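One structure is given here, and the rest of the page talks about it.
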Amino acid sequence: MPQASRAPRSWFASTRRAPGICRERSSVISGAGQAQAPAASEFELALAHPVVCVVGPTASGKTDVAQEVAARIGGAVISADSMQIYRGMDIGTGKIAPDQRRVEHFGLDICEPGEPYSAALFQDYARSCFRSLDAEGRRSVLAGGTGLYVRAAIDDYRFPRGEQTGNPVRDYYARVLEGQGAQELWSMLERRDPESAALIHPNNTRRVIRAFEMIELENTTYARQHEGFSHMAQSVPAVFFGLSVDPAVLNERIERRVDSMVERGLLDEVRSLAAHGFEGALTAREAIGYKEIVAALRGECTLDEGVEQIKTATRRYAKRQRTWWRKDERVRWIDADDADVARMADEIVASLDAARASASSVR
């Protein structure tokens, strides 16, 4: 697989990038660069040990548990979070600080805010990490996060060409968005493909443009692909552990987490990002914790109102994450109400040991 170009150096150059060979082989794209899609043969990975997936809603403790498991089994953590890939977006995304990383972490600080990135690019990146770590005799622990990123990394999901590289279709509809706005862009899709439009929120402009790419480049539709995604086979050996937290307990954690983010300097982080030209990326639909602070700094709401909006948006996001993973029958659920990282890691490692012993006895 050809090496992808690195993201350009910037004011974030001093921020720790994704380390090791995974960074060199990842499909991060810069400026006019293009990422290379994995060849068909790369969709089936033969690994010495399955990837350990630690999943669940935000504030459930995935980051700490994944790191503890990786430390015990001689592995590294790959973060499957669509916002933690951005350099400088640290506090608002709950990114683990460099001085707290006891094992090697990948999937962090891959590119700059606003730089094009997608689940397709993460698929290539994550699988290169799995291969490299496996070759070194180390285990991969995937912490997610963003459900689509986890499934793209593990399952037999083959992205349309438009999802993987820049193309004239994307450029054209990006101009439509800039000139006519999100609602008109979505209305164009509704007229052309109402079934797909019904599945996509008008403000999710990246997905709307992706739907046009599927129609014009791949002779398929977002709706057809969406239907097939729920019945997808697994192409990377993996085991899934989910952290289950009572909704009331999780909501309390989210309250404390957001308050802590503000206390640790979220406002200054947003100001710094905006001052360096990244305000557009901070107001994206997915940028929970950033767009609300930008609105407060613009005077569109008070800071207290902005903080409450973050809490509300985070609770809703956590609910969607719970719903996503509850539908996946592969997940073995672990009670995480007490936030006891050591106990949860004990359960996961014991399960891995039992599975290995069972497999050895069959041989």
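Placement of Cβ uses the backbone N, Cα and C atoms for every residue, glycine included.
Other Cβ atoms within 10 Å of the Cβ of PRO57 (ATP binding site), summed over all protein chains shown, number 28. As annotated by TrEMBL, ATP binding site applies to GLY56, PRO57, THR58, ALA59, SER60, GLY61, LYS62, THR63.
TrEMBL lists THR58, ALA59, SER60, GLY61, LYS62, THR63 with the feature substrate binding site. Of all the Cβ atoms in the protein chains shown, 26 others lie within 10 Å of the Cβ of SER60 (ATP binding site).
Same-chain residues lying 6 or more positions outside the region 'Interaction with substrate tRNA' (81-84) and placing a CB less than 8 Å from one of its CB atoms are 92-95, 107-108, 117, 119, 122, 143-146, 148-149, 286-288. Per TrEMBL, the feature region 'Interaction with substrate tRNA' maps to 81-84.
The Cβ neighbour count for THR146 (site 'Interaction with substrate tRNA'), using a 10 Å radius and every protein chain shown, is 20. According to TrEMBL, the feature site 'Interaction with substrate tRNA' maps to THR146 (among others).
Here TrEMBL flags ARG170 (among others) as site 'Interaction with substrate tRNA'. Around the Cβ of ARG170 (site 'Interaction with substrate tRNA'), the number of neighbouring Cβ atoms within 10 Å comes to 20.
Sequence-distant neighbours of GLY61 (ATP binding site) (same chain, 6+ residues apart, CB-CB distance under 8 A): LEU243, VAL245, ALA336, ALA339, VAL341, MET344.
THR63 (ATP binding site) has a Cβ environment of 23 other Cβ atoms inside 10 Å. Separating the Cα atoms of THR58 (ATP binding site) and THR146 (site 'Interaction with substrate tRNA') is a whole-number distance of 9 Å.
There are 26 other CB atoms within 10 A of the CB of GLY56 (ATP binding site), with all protein chains counted.
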